[in-house]
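Record features, source TrEMBL:
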TRANSMEM  34-56  transmembrane segment
TRANSMEM  219-238  transmembrane segment
TRANSMEM  244-268  transmembrane segment
TRANSMEM  294-313  transmembrane segment
TRANSMEM  319-340  transmembrane segment
TRANSMEM  347-370  transmembrane segment
TRANSMEM  390-421  transmembrane segment
TRANSMEM  544-565  transmembrane segment
TRANSMEM  571-593  transmembrane segment
Amino acid sequence: MHTSQDQNVYLSSGYQRSSKREWKPLEDRSCTDIPWLLLFILFCIGMGFICGFSVATGAAARLVSGYDSYGNICGQKNAKLEAIPNSGMDHTHRKYVFFLDPCNLDLINRKIKSVALCVTACPRQELKTLSDVQKFAEMNGSALCSYNLKPSEYTTSSKASVLCPKLPVPASAPIPFFHRCAPVNISCYAKFAEALITFVSDNSVLHRLISGVMTSKEIILGLCLLSLVLSMILMVIIRYISRVLVWILTILVILGSLGGTGVLWWLYAKQRRSPKETVIPEQLQIAEDNLRALLIYAISATVFTVILFLIMLVMRKRVALTIALFHVAGKVFIHLPLLVFQPFWTFFALVLFWAYWIMTLLFLGTTGSAVQNEQGFVEFKVSGPLQYMWWYHVVGLIWISEFILACQQMTVAGAVVTYYFTSRDKRNLPFTPILASVNRLIRYHLGTVAKGSFIITLVKIPRMILMYMHSQLKGKENACARCVLKSCICCLWCLEKCLNYLNQNAYTATAINSTNFCTSAKDAFVILVENALRVAAINTVGDFMLFLGKVLIVCSTGLAGIMLLNYQQDYTVWVLPLIIVCLFAFLVAHCFLSIYEMVVDVLFLCFAIDTKYNDGSPGREFYMDKVLMEFVENSRKAMKEAGKGGVADARELKPMASGASSA
């Protein structure tokens, strides 16, 4: 039960759906979508079972300590495997895995096609001959040839060329925590790197790129921090430049469309007036085709410009709402400064989960029973129903990742809803609205978040399967099949984006009403449909403004990178460091500005509900900020002045009047 002070503060706790549709705070919040929360908990228990099974079957020891081609785990005593030669050996003092041919990579199955042995030490220097291999074994007690061959026989046995490592043996060092001898020279993996990075066709290029990254790592780190600072600064100042920025963009779009259309018509007129007598017959047809193409382009540009002008004419008044929402969003970040750090917590949670997921995946890759392959070596495979644990694990990656992102959306929505529906004196805000929102999420709305994220998972999995099929069939399928696959992928992508947007608004409705996911999604959808033109204005003008903000941060960081790298005389190839910096800058800008976009969307839904159920009269006062209230008053004045000519505006403001009429 909430205290009376909580009831005064959290007017956003919900509203009673009475016949008068009045806003009233609920005394307590009810848990929503409990069955889905139980289903999600059971699913997570299943994920834990997979991890526990892989650890219990010895996979953890095989992953960390490594094992040889006969099933022996390095660094411990091993039990004898039936019908497997050289198994059951005591490798207590042999703690490292050594591959006889470490550069023989299977790119399809992503593994090393080589005999693996447990050795005492990795060769730190290159061994060019079998005599060097023999000397290394005698000095370090580390036999690099097969267990069946004694060090004294390395130079005399006829089988040494097969049972000993491929010469020259590259210098190697143990991988920390995983006890594998890995070649120090990266050129050993040039073929593998070229398969991953298709633009690298020369080992020297690869060396220069990697050495460039290592040389300029301090500059890269500094530029990444610069992009972080620029993103945070932009979030603060965007509220002050939103009005100017919108009109600058509008003017640029108008001038660009008019200029482009004018240039096309000018080129068409110039080509049409040019004398054709001087053109040779072979080029006459080409000139006519170009003239016809210019005419088509000019007509298309004209139609596009006219449509664009009509859209801007219709949307011109709704742009003012976008500007007002951006201004209020800036105030939200002033009163709720912890919102700025929300991407950090989400990223930290995702990294922890992904680390756990990858570790479990590696465990699964070494779990199962020992099976002898065609070469007589041991592989570990899972049989029976347990072999489908991979699919369960992949679904878990998608669902839990979407769940974490949805928790961020619900947390932001709850905090912004609290800010909006608190009385105009923001001093009544709770000390930490973000932590209060997290508390309400954990206590009441985890089931709603689980259901919403599961719906996204249901759409994302088929799209990923189709993308995998498309990549595997590339160059093999006919044109019709390729078109069908791409169309299905595109449709699923569009559906996923629409559901993501609806889910975000459903979480906002849940934060307001404390209703389950389906009811909240229906309520949010009705509000969005009633304000379709406003939604279009916010999602076009607002998103374009934020996109320009991302471009500004990437360009600023990239320019700073070029200037800094220009002073680094010992490094000439800037491609990879600049790509890394620009990608990181875009990722950081996207994380921060997506929070800003989320706040704007939540504010808009709150504003739409506020204007629908309140009219500003005594007892039905607006909860909105003064900036939004000025927008409402200006819209009402414009509607009164327009009279009968303002039918379109009257339609737009009809939801505001409906609340009063229903009273």
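The backbone N, Cα and C atoms fix where each Cβ goes, glycine too.
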For this session: Select the range from 34-56, 219-238, 244-268, 294-313, 544-565 that forms the most Cβ-Cβ pairs under 8 Å with the transmembrane segment (347-370).
Result: 34-56
For this session: Counting only CB pairs under 8 A, let me know which of 34-56, 219-238, 244-268, 544-565 has the most with the transmembrane segment (390-421).
Result: 34-56
Problem set entry | Chain residues in Cβ proximity to the transmembrane segment (219-238) (below 8 Å; excluding those fewer than six residues from its ends, i.e. six or more beyond) | 213, 245, 326, 330, 333, 340, 545, 549, 552-554, 556-557, 560-561, 564-565, 568, 577, 580-581, 584-585, 588-589, 591-593, 595-596
Exercise. Other than its close neighbours in sequence, what residues sit by the transmembrane segment (34-56), given a CB gap under 8 Å and a spacing of at least six beyond its ends?
Worked result: 356, 360, 363-364, 366-367, 386, 389, 392-393, 396, 399-400, 403, 446-448, 450-451, 454, 517
Problem set entry | Residues from the same chain, set at least six apart from the ends of the transmembrane segment (294-313), whose C-beta lies under 8 A from its own | 250, 253-254, 257-258, 260-261, 264-265, 267-268, 271
